[in-house]
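Each remark here refers to the structure printed beneath this line.
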Amino acid sequence: MDNPRRIIIGIDPGSRITGYGIIWSQGSKQGCIAFGQIKTDNDSLNFRLHQIERELRDLILIHRPHEAAIEQVFTFHNHQSALKLGQARGAALVATAACALPVAEYSARQIKQAVVGYGAATKAQVQHMVHLLLQLEKAPPADAADALAIALCHATSSRLSEKLMQAKGTLT
């Protein structure tokens, strides 16, 4: 069976800091290609959103991922924060669409479950597991670790989906 190497970009959107993590995945193995944070300037929101879109698009053009994964919006008590997060997420989705990149979405609970094995894991636990799973020299910053965790979650989830489809095909 052929297991091609796939490149996945994970995106953890934020209006001030957007984390990104780019991994390769082949079969049950994954490795880190790049990770970091897009720290927006202290401009008005529209300029920050444009910066997020532009920098993510540049990363996509440089690293040529096959797929993207992003965290779903979760419920906030502060409506303004939720709105800004949704707008940052929209800027990230525009960048992926501009590069014709398919996008998968995962809840925070799904991501933590896939990476830590516990859906209510702390940020520190996610950082630690990303550090271990990708054999990084040191733990990445929280936003980048979250983005790498999103990419790892997608690698695992999509691999399991492929196996289920193959098994279903053998049953019919």
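Glycine too: its Cβ is placed from the backbone N, Cα and C atoms.
Look at Swiss-Prot and you will find Asp12 (among others) tagged as active site. DSSP classifies Asp12 (active site) as strand under the three-state reduction. Within 10 Å of the C-beta of Asp12 (active site) there are 28 other C-beta atoms, taking all protein chains into account.
Taken from Swiss-Prot, the feature active site applies to Glu71 (among others). Following the DSSP three-state reduction, the secondary structure of Glu71 (active site) is strand. Taking a C-beta cut-off of under 8 Å and a sequence gap of six or more, Glu71 (active site) has these contacts in its own chain: Ile11, Asp12, Pro13, Glu105, Tyr106, Ser107, Ala108, Ile111, Asp146, Ile150.
Summarising the annotation, Swiss-Prot assigns active site to Asp143 (among others). Taking all protein chains in view, 23 other C-beta atoms sit within 10 angstroms of the C-beta of Asp143 (active site).
As annotated by Swiss-Prot, Mg(2+) 1 binding site applies to Asp12, Asp143, with the evidence given as sequence analysis.
The Mg(2+) 2 binding site annotation in Swiss-Prot covers Glu71 and rests on sequence analysis.
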